[in-house]
């Protein structure tokens with residue numbers, strides 16, 4: 001890869017991370033804690049107040065989806081930039 | 001021997017035999033196999049091993065009880081969100097890059113990216129955090145043996161030590177990894193079976209994650225009947241500021257714990273490291289979405305069965321836990337009946353130890369004896385798998401980062417391996433001693449270990465990868481300040497040291513996130529005024545950002561790059577190749 005392509009790869013990696021980490025913060029600190037009271041008053045989901053559901057179930061499920069999206073997008077990005085992986089052992093310094 | 005004890009014995013002997021067989025089948029001959037399983041573990045297996053490694057006796061035995069009993073439902077969410085949210089950070093900010101760097105341990109990364117003084121601080125942090133943690137696991141093993149097989153606590157710990165010694169010393173990381181895959185299977189089956197059975201029994205829905213909502217309004221009503229705050233209502237125990245800070249501390253702490261990070265070195269490639277993080281969170285989420293359901297079901301059952309019961313007429317499970325002192329009843333008003341009006345715990349008539357909720361769940365729900373035995377085996381699997389992962393961190397810090405890098409860089413492969421095994425053996429003996437005679441502070445410090453991990457490691461790892469101009473002096477200063485400030489605040493606010501209210505009412509367990517911010521600030525500011533990393537180091541950091549083959553990274557991992565080029569001439573003491 002030349003320098004320009006590398007910059008492009010890194011920029012797209014950072015942008016993906018920024019989007020996913022924003023969702024990460026909104027779901028856990030936002031829905032689970034800061035906005036838990038309005039969400040609890042807003043609706044019931046699966047039999048419990050919505051904010052409480054986010055704090056005990058929804059956030060964990062969202063984290064799982066976030067990592068899945070990250071792994072999938074990075075795989076695509078690697079392919080697009082023609083990066084092939086060597087599955088090799090680790091050397092000792 | 002009771003039926004429960006016979007079944008427990010059957011499951012314990014079967015699973016322990018299985019672990020040792022696996023360790024024997026995957027025994028290692030070189031240091032790469034001993035420390036990082038030669039980097040040859042497929043992602044799903046590596047994910048299961050990470051899950052078992054990281055979910056300790058605390059996750060398996062205590063968490064549901066903490067959520068239901070010592071915290072009031074909602075407040076327990078800090079553990080659920082904090083301990084799983086850290087994996088998002090690990091997957092995106094650390095795992096792929098640390099794997100590409102290709103070193104054995106966290107101190108090794110720190111020593112390489114920065115310098116030798118930073119490495120030594122990292123060695124000390126890793127050893128302290130790991131020992132504190134492992135002591136808790138060992139005493140957990142003792143509790144399970146004592147309650148389920150009636151053996152002495154000391155003998156229980158010794159049995160646990162012998163088992164860990166056999167498979168960890170023999171198989172190293174490779175043996176540990178495959179054993180942990182087996183231990184994960186045992187612990188998750190043991191956790192899910194009673195949860196599914198209870199959910200089915202109480203709600204008619206076999207999925208605890210769904211069934212758990214069905215009892216929620218009844219549980220809120222029951223709590224109100226006894227004068228307790230609603231189970232789902234927020235901020236009854238912990239205010240919003242502490243909820244946020246404690247969740248953040250557990251998240252960043254998870255991403256800074258040395259025994260979790262080292263696991264990404266066992267992945268086959270950068271791509272496999274990313275997938276490992278996904279598999280790990282998947283396996284962890286199976287238990288972590290079930291735990292709050294078990295907590296709610298147990299509290300519902302306890303509140304339904306116990307209040308108003310005549311003392312001496314309690315259910316059998318209640319009496320057997322009373323016998324070992326984990327449930328205490330104190331008839332304060334002398335009416336001969338258990339009253340829970342106003343609350344549970346010290347100062348009230350009924351106090352239930354958090355640790356029994358999961359272990360007692362099958363008995364509370366009246367499930368058959370084999371399931372009780374299986375849960376005991378699951379608790380042991382959770383404790384032993386985490387203990388072995390931590391012992392590996394300790395032995396690699398001593399044998400690799402201290403012995404090989406500082407004392408005897410000319411050591412042969414065979415000698416390094418022997419030192420690694422001796423360090424592991426010694427660490428097991430110390431851990432066993434701490435498990436038998438737990439120092440009073442252990443229970444407190446386990447929760448604090450995450451704060452220390454967040455405040456010391458996380459910032460310098462992330463900056464080391466994402467900011468090329470982070471300097472060695474900056475990192476050392478940041479790590480030391482973060483650690484010291486956090487430790488000082490924890491000591492200042494802990495009840496056993498006088499228990500000050502602290503600043504803005506921030507509790508000792510929540511302060512790690514603040515310590516982390518201080519670490520970030522100090523590292524960044526000091527880096528502006530200290531000698532920049534060498535050109536080669538800056539190029540190396542840049543190379544680590546792209547997966548795939550890189551001449552420089554490969555040469556560096558093999559130790560073929562000249563020391564002076566990497567660290568500059570003013571910092572070459574004690575490093576040889």
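Residue numbering: from 1, along the chain as shown.
Note: Cβ is positioned from N, Cα and C throughout, glycine not excepted.
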Students should find that the transmembrane segment stretch in TrEMBL, chosen from B:342-366, B:442-466, is B:442-466
Candidate ranges B:243-265, B:312-334; TrEMBL annotation transmembrane segment resolves to B:243-265
Handout entry: In contact by Cβ distance (the transmembrane segment (B:148-169), the transmembrane segment (B:6-24); 3 or more pairs under 8 Å)
Key = yes
Same-chain residues at least 6 beyond the ends of the transmembrane segment (B:45-68) with CB under 8 Å of its CB atoms are 76-77, 79-80, 83, 133, 136-137, 140-141, 143-144, 176-178, 180-181, 183-185, 187, 191, 254, 257, 259-260, 263, 266-267, 272, 275-280, 282-284, 287-288, 291-292, 294-296, 298-299, 352-359, 361, 378-379, 381-383, 385-386, 388-389, 446
Among B:80-98, B:148-169, B:181-198, the stretch with the most Cβ pairs under 8 Å to the transmembrane segment (B:418-436) is B:148-169
Spatial neighbours of the transmembrane segment (B:277-297) not adjacent in sequence (6+ beyond its ends, CB under 8 Å) are 43-44, 46-48, 50-51, 54-55, 59-60, 63-68, 73, 76-77, 80, 83-84, 87-88, 90-91, 95, 184, 187-188, 191-192, 194-195, 198-199, 202, 208-209, 211-212, 215-216, 219, 231, 263-264, 357-358, 361, 365
For the transmembrane segment (B:181-198), the distant same-chain contacts (Cβ-Cβ under 8 Å, at least six residues beyond its ends) come to 15, 18-19, 22, 45, 48-49, 51-52, 55, 60, 206-208, 283, 286-287, 290, 293-294, 297, 301, 358, 361-362, 365, 367, 371, 374-375, 377-379, 381-382, 384-385
